[in-house]
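> One structure is given below, represented as structure tokens, and several questions about it will come after.
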């Protein structure tokens, strides 16, 4: 065969210099542009909505009173942080949506980073990419930079929105910069774990664990005065320390920036020391077969759920153990402040001074992480379908309904374990501190949120059957979406029917009162109906692959 | 219809305005090795997805041993499948995946499976994450060949295998046929199809253009004749069965022959032919002829 040189006439004359580095950056940008726009848009939208309603809320004495009561609610305080500067529009926005947006941006940064770096490498997509002129370190840093750009864009939009709302520039800049730096930091953490671990799931899991521990450290720091120094160890705590609109401190943000820079440097060092498709921690070379729980579709679903469910149980359990341990001191504080308790009662948080009342308000928010777990499991099931891991099973004599049914049933049982675990650990915490909470009361309280969790699961199954690409969003609507709706409705004095759309508005405060069987039955029936409709869609549609 | 191992009737799949498969009629008989040929994008994998009930036909129907392909619990009881691009659960080892497939499948001959693992030189103790494309394919092949399912559906199963393993693959296909299993082999590797298949269907741009036995397909061939001569060139115009006459250098002439050679030989006898070479085209060339014609339209 003639392998001679191409004749001159066919030589392509290049009119522009090729820029492989820029091409890689574009590739990274293409993979995250939709998610990035969504996150930035959500952050801007939530900030704008809350900033716009501040004047309206403060003009209405009833709304202002219920807001103060809401701010005194320990569940809200642990979730949203200690309210400082509620008397200014800026401070109000920071307290109301700052933590939510920070968590949203942090989690998205982690998921996006591991997806486009380790995920792409795992899938073999980088083999071709890295055979080009751009080395691994450059590829990693360019992908990381793109995710960090989204965090920076979010910071800029938040600041712009707050400036447009007429809040003081110093606070707007501190708050925007803090949120953006947090996103940058977690993107760097995820990029580092993606170099350390040879697979995407441990990389994502470890980075999310860092975020979870950071959030927990801030909550402990908020709740236990003696442990306030924990704020310095947590990215979320550093945001609290920066005190936008009140203190406007820059050193905590500088510390966060230094931490992000160090993590990025470590990422580059790690990327230079590993093989492509490998991690710093080598993949195990081989092991004897462990065939337990591989006997069928159902047991295999159990096997795949065990590890993630354990991870979620540790996270949720740690939080509720903490709630249990602090319950005695917090309720004591509220009992000693009748004015605050009175305002809380007016706003519908009666009995916060008692442990059952305190537990009831905190059990309500348990629905969110547990529904998050069920939604994540459903998106994982879909991911197995799209990346064709499920193909070998779908070609076995097993109906699709059985495949999906096994996954849904195992997920529902795991969710029941999670809420039971939360109940047990709350009870244990209270009992250790000498408080008074019956085990049955704790368990009834946590089991009471199961209808919302199952409603979420039903919504996710509906999406799996009919709109698979939207599973994450639709699955999150009845839990996180509905909770945000309730909070926004309550703090903006929205019409009653808006508030009533949220399942949380119909959740009885168990163990303070008995359960509301009618409301629970309606939620359960809706969840089951959604799941059945979703199952019918899944049975009929083409598999994605 | 229940005589067929696989049967498609007017099977059609459209994705929006794109017609991926257009009114496919196909019958695969029990016990035969059926080759399903076509270039990339012809609709081979779409056909298989429809036959397996992984996608729903826009029109028409597909049956596996008389069972509607949509009834996967029954239809898949008769078959084992090797996908074109095998993806495995990364955390499970090869042995664990084989175990899972055996326990959820239509019945597995465990002794034969162990033999196949040996023959394909597969290290089943490794997690699937570390497997190359070829090793992932081996896992799926071993799982499929070890079943007692009467039908094996193999979608380009050897694309990642080395020649030694390809040889093992062909042996395994022949053994499957000897056991009475039907094999539906989608491929674009003609040598492979030529080596193991009894009948071949050729798919192009979503349409079935031909179903023929391997020998029929060779019968479609045209012999390529090259002659050397001295003196005047032979006049081959108007000779039946002779086409594409063209000079092939000094004193040489090339033409194709699709009919009985007698008339051409009579015409050649009129000149001084010093050498004559007849070449049989490979299946590959026949195949390229098909698509060459289609492409030039």
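Each residue, glycine too, has its Cβ placed from N, Cα and C.
What TrEMBL says about a protein is an automatic prediction, not a curated fact.
Take a look at what TrEMBL says about it:
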{"type": "TRANSMEM", "residues": "A:37-57", "note": "transmembrane segment"}
{"type": "TRANSMEM", "residues": "A:93-111", "note": "transmembrane segment"}
{"type": "TRANSMEM", "residues": "A:143-166", "note": "transmembrane segment"}
{"type": "TRANSMEM", "residues": "A:172-194", "note": "transmembrane segment"}
{"type": "TRANSMEM", "residues": "A:206-232", "note": "transmembrane segment"}
{"type": "TRANSMEM", "residues": "A:252-271", "note": "transmembrane segment"}
{"type": "TRANSMEM", "residues": "A:312-334", "note": "transmembrane segment"}
{"type": "TRANSMEM", "residues": "A:354-383", "note": "transmembrane segment"}
{"type": "TRANSMEM", "residues": "A:404-429", "note": "transmembrane segment"}
{"type": "TRANSMEM", "residues": "A:449-468", "note": "transmembrane segment"}
{"type": "TRANSMEM", "residues": "A:480-498", "note": "transmembrane segment"}
{"type": "TRANSMEM", "residues": "A:518-538", "note": "transmembrane segment"}
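Help me picture where these features are in the structure shown.
Long-range neighbours of the transmembrane segment (A:93-111) within the same chain, counting only residues 6 or more positions beyond its ends whose Cβ lies under 8 Å from a Cβ of the stretch, are 35, 39, 42-43, 46-47, 50-51, 54, 71, 79-81, 83-86, 147-148, 150-151, 154, 158, 162, 165, 167, 171, 175, 178-180, 182-187, 189-190, 204, 207-208, 211, 215, 235-236, 239, 244-245, 484, 487, 491.
Within its own chain, the transmembrane segment (A:143-166) has Cβ neighbours under 8 Å at 24-25, 28-29, 32, 36, 39-40, 43-44, 47-48, 51-52, 89-90, 93, 101, 105, 108-109, 112-113, 116-117, 172-173, 175-177, 179-184, 187-188, 191, 264, 267, counting only residues six or more beyond its boundaries.
Long-range Cβ contacts of the transmembrane segment (A:206-232) within its own chain (Cβ-Cβ under 8 Å, at least 6 residues beyond either end) map to 77-78, 81-82, 103, 106-107, 110, 113-114, 186, 189-190, 193, 196-197, 238, 240-241, 252, 255, 311, 315, 318-319, 322, 326, 330.
For the transmembrane segment (A:252-271), the residues of the chain that approach it from at least six positions outside its boundaries are 136-137, 140-141, 144, 174, 177-178, 181-182, 184-185, 188-189, 191-192, 195-196, 232, 235, 238-239, 241-242, 280, judged by C-beta separation under 8 angstroms.
Same-chain residues lying 6 or more positions outside the transmembrane segment (A:312-334) and placing a CB less than 8 Å from one of its CB atoms are 72, 74, 78, 209, 212, 216, 219-220, 223-224, 340-341, 344, 352-355, 357-359, 362, 366, 369-370, 373, 417-418, 421-423, 425-435, 437.
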> Are the transmembrane segment (A:37-57) and the transmembrane segment (A:480-498) close enough that 3 or more Cβ pairs fall under 8 Å, when only pairs 6 or more apart in sequence count?
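As far as Cβ distances go (cut-off 8 Å, pairs 6 or more apart), the transmembrane segment (A:480-498) and the transmembrane segment (A:37-57) touch.
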> Select the range from A:172-194, A:404-429, A:518-538 that forms the most Cβ-Cβ pairs under 8 Å with the transmembrane segment (A:354-383).
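Between the stretches A:172-194, A:404-429, A:518-538, A:404-429 has the largest tally.
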> Looking only at the recorded stretches A:37-57, A:172-194, A:404-429, A:449-468, which one has the largest tally of CB-CB distances under 8 Å to the transmembrane segment (A:518-538)?
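Ranked by Cβ pairs under 8 Å, first place goes to A:449-468.
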